[in-house]
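Below is one structure, written out as structure tokens, with a few remarks after it.
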Amino acid sequence: MDEQTGSPAANTDTSTQRNGDEKPRRGSWTKGRKRKKPMKDSNAPKAPLTGYVRFMNDRREQLRAERPDVPFPEITRMLGNEWSKLPPEEKQRYLDEAERDKERYMRELEKYQKTEAYKHFTRKVQEKQKGKRHRGDAGHQTASESLHEKDVEGKDRTVFDIPIFTEEFLNHSKAREAEMRQLRKTNMEYEERNAALQKHVESMRGAVERLEGDVMQERGRNGLLRQHLETLRQALTSSFSSVPLPGSGETPTLETVDSYMKKLHTIIVSNPQEHENLINTVRDVVNRLDRYLSAFLWISLRIPRFLNFCFCSDQIIQPKLC
């Protein structure tokens, strides 16, 4: 019987040799050391699910019912392919649900972090981590110091203690994935806004340049109009200097020519039959100023009404120039 089964020592040697031929597994856990479950906060809000996980939850059972012979990893692969080929509008529905769930989680988490339950849980985690550090031997002093630096970083200090492929690890991964997706979405929105604002700025710069060009043109035109106006006032002052106003005997000057023409117009309109000689004199003066008529039509002054009255009024004279 010993020859058939082999001795324990022989089995141990064979096992040792076989294990020695195998490559050592990666990991920081010492052989024989059990991985302790991290502390779970039962009062914390439920972590949000990503759009992909929501899609998988909706389709997994349906696909398993349709294909009961397909193993679970193959179903996961099929769902991944189906998700990648999903129409954008249908995929967006899951993403929107995930976004709303993320917003719900952030609101609840913010409220929860202000409660005494969260503070109590944080103290328990700190005490547990502190106890682990005190139990470390001198050979792991450097590793303990490195762990201490990570522990004091707040809630992230427990992230590295989460065992993989556990519900807590998956929830943490889903939350980080949703957060990264939201950050990418926000960053894309800001980039689009910046691009739109940049186009708007360029458009505004072009509009400002065009307006500045228009302003320069208008300033040039205004300068020409002022020159025409001054020339016209000088011509009127010189031409009507020998035509005193009835009653006051006022004659125009460069400073009073505007009021002079207004008063002259009022006198003629009020009693044209009495001032026929004055009207004839004004007509002769205006005929001599024929070369300035274009300026009269261009410049907006009070006297064009007077000139129009002198030239085109049926009550006083039949026009020769209209």
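Sequential numbering from 1, following the chain as shown.
Each Cβ is built from the backbone N, Cα and C atoms, and glycine gets one as well.
Look at TrEMBL and you will find 1-18 tagged as compositional bias 'Polar residues'.
Residues annotated as region 'Disordered' in TrEMBL: 1-72 (among others).
Among the features that TrEMBL reports, compositional bias 'Basic residues' is placed at 26-38.
Taken from TrEMBL, the feature DNA-binding region covers 45-113.
Taken from TrEMBL, the feature domain 'HMG box' applies to 45-113.
Residues or ranges marked as compositional bias 'Basic and acidic residues' in TrEMBL: 56-69.
The annotation region 'Disordered' is assigned in TrEMBL to 123-150 (among others).
Residues belonging to the coiled coil (173-214) score a mean pLDDT of 88 in the model. Taken from TrEMBL, the feature coiled coil covers 173-214.
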Tertiary contacts of the coiled coil (173-214), defined by C-beta under 8 angstroms and 6+ residue spacing from its ends, are 47-51, 53, 95, 98-99, 101-102, 105
Taking DSSP helix as H, G and I and strand as E and B, the domain 'HMG box' (45-113) has 54 helix, 0 strand, 15 coil
